[in-house]
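Note sheet for the following structure.
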Amino acid sequence: MADTLSDDVLRRAAERAQSKRFDVRTMPGFTTIAVICFIALYAPLFPMAFYSFNAGDSIAVWQGFSWRWYVSAWSNDLVKDVTVRSLIVAACASGIATVLAVLAALGTTRTQPFRGQTLIYVLINQPLMVPEIVTGVALLVFFAMIKVATGYTGLIYLIAAHAAFCIPFAYLPIRARLEGMDKTLEAAASDLYATPIQAFRRITLPLMTPGIVAGAMLAFVISLDDVVITELVKAAGQDTLPTYMLGQLRRAITPEINAISTALLAITVVLLTTIFFLTSKKE
Amino acid sequence: MANTQMSQTTTGKSAGGFTEAEAERRRVRVNWLLSLPALVWLAFAASGPLLIMVVYSFLTPGDYVGVVWDFSTDAWFQVLFTRDIFDETIVTMADAHLSIFWRSISLSLMTTATTLVFGFPTAYFIATRSPRSRPMWLFLVTIPFWTNLLIRTFAIMELIRNEGLINTVLLKAGLIDTPIQMLFTDGATLVGMTYVYLPLMVLPLYASMERLDFRLVEAGYDLYASRLQVLRRVILPLVKPGVIAGSILVFIPSLGAYVTPRLLGGGRNMMMGNFIEMQFGAGRNWPLGAALSITLLFIVMIALIFYVRNVGKEGSGHG
């Protein structure tokens, strides 16, 4: 009797000890690789940020702390010029893309499957599938034809191109939001004699606003970040901030580029952190 | 809902006198009308111009820029072959083009493999954290994902250049006498693309690992499977859709990469994206550029069809 009892206790202790060591979820080495990955994702950004505060002209030899390059970038008229252009293009393109995406999302969600629905879906997501360089050169050729025919060489071409590749980025969150929405609220509105327009303005639109905001922000960031299509479509003197930076990187690099990059990085981090905390609070 | 109501008001004159099939047709028409502005815009500034590229690939290059409207299959011929300068009947493979294709495909495959090797454990690590801390880890992957690609490439560039941090440290430590040439090599492009596209691998992998049922993993161990066997026979088959999705998401932009190979690979280590751009710039051979673009598009389509074939089935199979 005593023997079996102690056996039992021993066995259970062994099990417990083993369960401490043996977690079904652990895979040997995985945590190490994951930690290396997280470090590697951020490590290269630190030297870049660090040397943006260098007092000297070098991006490799530290000569003391200074805001010099931030001041220099801030007072550089060319940088101001390209930044303003980037913002104008991004604002117009994301605005257009969001409106078009809202309409398309209303047309393709919450209905019974209809003929051509998959086709619409594929066409809207097409910019996500075709490599940017291919779209870029195709637009270069196409816009060159229009430029010859009309003689117009304004910013509209850039805005049109940006709006197009922003559509899927605006569409996806709006569609996701619409699909999760309760249809009965709109049914209730029409039961209470709301006209379709009233029901849309007072019920549907407010409910889908978070999706619209997310889509618009996504489109804005995507437009602001674009290098390849802008580089190919832009006319002379239509540089945006990324294409300006790309041009600068081929010349002698001064810490001014570090300063611009670090400032952009900081804005991205602040924006994302804000969105992260805003969305996680709700849950 | 709003659509159906709108369609009803526009057709309300018939006062309920229309059949169900008619109502259905009208509803579909409204759906199409709502989608139309986006489709028109895309046709104008994204899909339509691709068709022009097909036409251009069959034209003759102009003397200075653009094309001459003479039908020619030369551009397609030039994609793979080259004619001898002195004797046009001597045809050889275009070695320069082949080496660019080979570099593009091999570097893209290597990038996909490397991001998978590093991304898989990372996604697994995030998926096995407590549900409360998972969003935070995921957020740490998303920040680089949303940071401008140019900035991230620039950060790598500064790190590995001859006067960069790595060489400076190695020189100071006395480990090397002359800087190691790391920038402007294929290796630099590989490292850069792996760094830049890693989040694209981790995010879809995590999405499928998050739903992983660990009871199945436990069952595997109960049936005397080793860790490696559980990984190979239980976990991998279950997260296969994520592995394929991540691989496609990394492979496609790698194949068409332009910024990273241009900054890190330099002018000598071109990839297809840079070579295509060159045809529209200094190369002045638009038809060849168009033919190359369509070739690239074709490879991408094959990858996408592979994806739909595999993940489409898997996805519906697991519900």
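For all residues, glycine too, the Cβ spot is worked out from N, Cα and C.
A TrEMBL annotation is a machine prediction, not a hand-curated record.
Positions annotated as transmembrane segment by TrEMBL: A:30-53, A:87-107, A:119-146, A:152-174, A:203-224, A:257-278. If you look up TrEMBL, you'll see A:83-277 marked as domain 'ABC transmembrane type-1'.
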* To do: Select the range from A:30-53, A:87-107, A:119-146, A:203-224 that forms the most Cβ-Cβ pairs under 8 Å with the transmembrane segment (A:152-174).
  => A:87-107
* Cβ contacts under 8 Å made by the transmembrane segment (A:203-224) with residues that lie 6+ beyond its boundaries -> 86-87, 89-91, 93-95, 97-98, 101-102, 105, 162, 165-167, 169-178, 181, 185-186, 189, 194, 241-242, 268, 271, 275
* In terms of Cβ proximity under 8 Å, which residues at least six beyond the ends of the transmembrane segment (A:30-53) contact it? -> 59-60, 62, 65-67, 69-70, 255, 258-259, 261-262, 265
* Structure fact -> Per the Cβ under 8 Å criterion, with at least 6 residues separating them from its ends, the transmembrane segment (A:87-107) contacts 120, 124, 155, 158-159, 162-164, 166-167, 169-171, 174-175, 178, 208, 211-212, 215-217, 219-220, 223-224, 230, 240
